[in-house]
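Report on one structure; see the data block that follows.
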Amino acid sequence: MGHGRRISESIKKQLPVTGPEAPTVKNLMDWYLNNTNTHGCRRIAVSRGYLRRWIWICFTVSSVGMIFWQWTLLLMSYYTVSVSVTVQFQTLPFPAVTICNINPYRKNATSALLEELDKQTKLILKELYTSCTGCSNRKLRSVLLNEAPEEDSGVAKLLQDMPLMKFEVIKEDHVIVSELSSNRQYRINNTFITRMYNNMDLATVGEQVGFKICDANKSNCIIYTFNSGVTAILEWYRLNYLNIMAQIPNEKKLEMGYSADDLIVTCMYDGQSCDSRNFTLFQHPLHGNCYTFNSGDDGNILQTLTGGSEYGLKLTLYLENDDYNPYLFTSMGAKIIVHDQTEYPLVDDVGLEIQTATETLIGLQVTTSAKLSKPYSDCTMDGSDVLEQNLYNTSYSLQICLHSCFQTEMISNCGCAYYEQPLPSGAEYCYYEKYPGWIYCYYQLQDKFVNERLACQDICKETCNSKDWDLTKSLARWPSVASKDWVLNLLNWERGLNNTLNKNDLASIAIFYQDLNLRSLSESPANSIATLLSNMGGQLGLWMSCSIVCFLEMWEVFLVDILTIIARYWLHRGRQWWRKRKERQMQQPSPPDHDTGHHNPVCIDDEDPPTFHTAMQLPCVQTGPVPSTPPPQYNALRIQSVFDEQVSDTEVN
């Protein structure tokens, strides 16, 4: 007890509560502010001037407020142990579904246009049947020629200039080729082989089938050979077909194609009936009249409330097997593409083929992707920063950009547009009568495009935001053996076909959401600005006990104070220079006035020797400094000495 009393008395003695030596709150705050390690509080005490002091007070109070706010959030998050579960039933927009018949036009509508082409194709096939049975696999090649044989004038010009050929005799230094339509033969010398498009060794050339194409001047020609006669004929027929269709106006092609009522037999959506009025026409260059369900052109997009095969879109298509062109496509059925309402249906790129006599179930799962743009990736948000015109007038995509770029290069290099892609304003599609070298130019450009020697792959970018549908396809025979008779009889009666309908003319399709889960893939930066500042602040606090207030102190000292000192120094130097300049101007004498001559009657400078005239003039006033007169030296008069001497003389006398 005595020891505690002694400590209490010592404290009262050293820290009196009353009296003149008792500390006040102001003294305590001054001591704290001058000795604390809290940077902002110390700056309040040592700052000079009320403005700086109030600025530091505001910074410090704001920092304290941020600390308490963050602490409150952290404590609330730490002590919150409740769990909430939210269940929502959402609807998903049903995608647009575009349906095309693989066969683009009715056979009776194109028979007159394709008569000569079909005739030549049959003759070529007959020749191949008798001479090319059992052909082995071959590689894709092309051979450069510089001369062509004489052509018959009884066939179309393109069929003359682009004949199908077969390699006959192979020697060490040349190859003999024959035209399948005319049986004419000519040889390709080894000198021409060295200039070929993709060089090939003559020793490896077997019996090949290909066709010849030339430029507009026929100075350079190429024979393309294929690994199969079927592939060669399909490609040769397709080029001739495109050449013919490029000259047909869209109005006539619309009449030649299938109508929505011809193509669509039955339609159901979410258990409700639909018909051709719910479809929008879409003209495709290769597949003719296509039709889009839920296109959104009227401003309404259908929503799906329930997933499963019992819902969604169900269709029965009539594809008319006997109406197919046997040389244009070797497959039969329909092409379907699922896409967003703002996207262009690229049928040939991502279209799904549906076969006849089959029920096809297509389950959908939608996934949205969001990628980070620069500097994390070189993607584009909407294509506005891509230096390529969108010829499809739809939302941007990488494929749309590549096709548009190729069409632009085609017009720039070949002078005309490729038929399978949109036609830009002011251009026209290529056809042989007006552009005889377009096929040669197209293959040259296609080779550059495939080998990425065009600028398209550098110009076009991927999209940052995209929506993709994952398709799950399942097949079943349709109609079944048990239901075949009544289904076909009923459809024959509805369409008035007099029992000519068979199951190979029909295809059943069901497109539905497997579930209504929307999958989202998004990118986030691994190191954000907040993470960077947090890590840097942690290192500064760990090793230097520094915070953002330290940077404010540095900003005040090294920026504000140093700039103030520098400005004050140069201002002082400027004032000194100006003061010295004024002093030099005040000390500098004024220049003398030297007005002389006969016109000056007042004064004239001295002449040597003087004349009478100058002697009568006044001398010029001296403008220089007047010499000072020294004070008289009175002792030089020696008056007293003179008087003394006189007195002395008198006295002597």
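Backbone N, Cα and C define each Cβ position, glycine as well.
Here Swiss-Prot annotates a disulfide bond for C290; of C58, C100, C464, the partner residue is C100. Between C379 and the candidates C274, C456, C460, C464, Swiss-Prot records the disulphide pairing with C464. Out of C401, C430, C441, the record in Swiss-Prot bonds C414 through a disulfide to C441. The disulfide bond recorded by Swiss-Prot for C267 joins it to C274 [selected from C221, C274]. The record in Swiss-Prot pairs C416 in a disulfide bond with C430, which is drawn from C401, C430. Mean pLDDT of the predicted structure over the topological domain 'Cytoplasmic' (1-54): 67. C221 (disulfide bond) falls within a strand when secondary structure is assigned with DSSP.
The disulfide-bonded residues recorded for this entry are C214, C221, C416, and the Cα of C416 lies nearest to that of C290 (disulfide bond). Each of the disulfide-bonded residues C274, C290, C441, C456 was assessed for Cβ neighbours inside 10 Å, and the highest tally belongs to C290. A gap of 23 Å separates the Cα atoms of C100 (disulfide bond) and C401 (disulfide bond). Considering only the disulfide-bonded residues C414, C430, C441, C214 (disulfide bond) has C441 as its nearest partner by CA-CA distance.
Each residue contributes its Cα atom, and for C441 (disulfide bond) and C416 (disulfide bond) those atoms are 10 Å apart.
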